[in-house]
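Undergrad: Heads up, here are the entries from Swiss-Prot:
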- Tyr14, Tyr37, Arg106, Val107, Asp108, Trp109, Asp110, Arg117, Gln118, Tyr119, Gly120, Arg121, Gln127, Val128: mRNA binding site (BINDING)
- 34-112: domain 'RRM' (DOMAIN)
Amino acid sequence: MTSVHTPSVALSKYRDQHFKGSRHEQERLLRNSSTLYIGNLSFYTTEEQIHELFSRCGDIRRIVMGLDKFKKTPCGFCFVEYYARIDSEYAMRYINGTRLDDRIVRVDWDAGFVEGRQYGRGKTGGQVRDEYRQDHDLGRGGYGKMVAMGQLGAPNMRES
């Protein structure tokens with residue numbers, strides 16, 4: 001008899017629109033994955049801070065920081081891959097919605113990290129969602145689309 005693993009933490013409605021494969025294959029991978037997408041991070045959150053928080057739920061295989069595809073600087077997301085599915089379920093249950101660097105983090109299932117996904121998919125190099133923000137968020141580190149469209153001048157920053 002075949003055993004089908006039912007996650008103790010439900011899958012979200014979000015699906016990666018760039019997934020290379022069928023919807024059925026993506027669902028299967030999500031149900032069995034030990035990889036999580038972590039969103040709404042501060043641009044200043046370090047890999048060490050993420051490791052400290054998420055290792056409370058189990059042994060971490062790796063953390064892949066999300067980077068601006070042009071500047072190669074952190075852009076507010078990462079992937080956390082555990083060795084065991086149960087540890088990722090603990091993180092979904094206990095860390096999703098908690099604060100890290102004074103931001104409420106979003107934790108969601110991921111079908112598994114593939115090289116290249118660490119780069120932001122937005123036109124300006126960061127995340128798409130940041131391009132639609134209308135405010136300046138110090139924790140996120142940018143003005144979003146308003147600067148890109150010339151609606152605001154770039155913030156005053158001194159170069160060291």
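Note that Cβ sites are derived from N, Cα and C of the backbone, with glycine treated the same way.
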Undergrad: Quick one, of the binding-site residues Asp108, Asp110, which Cβ has the fewest other Cβ within 10 Å?
TA: Asp108
Undergrad: Same-chain residues six or more away whose CB lies under 8 A from the CB of Arg106 (mRNA binding site)?
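TA: In sequence order, the residues whose Cβ lies under 8 Å from that of Arg106 (mRNA binding site) (at least 6 apart) are Tyr37, Ile38, Gly39, Asn40, Asn96, Gly97.
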Undergrad: Take every residue in the domain 'RRM' (34-112), average their pLDDT values, and give the whole-number result.
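TA: 93, rounded to a whole number.
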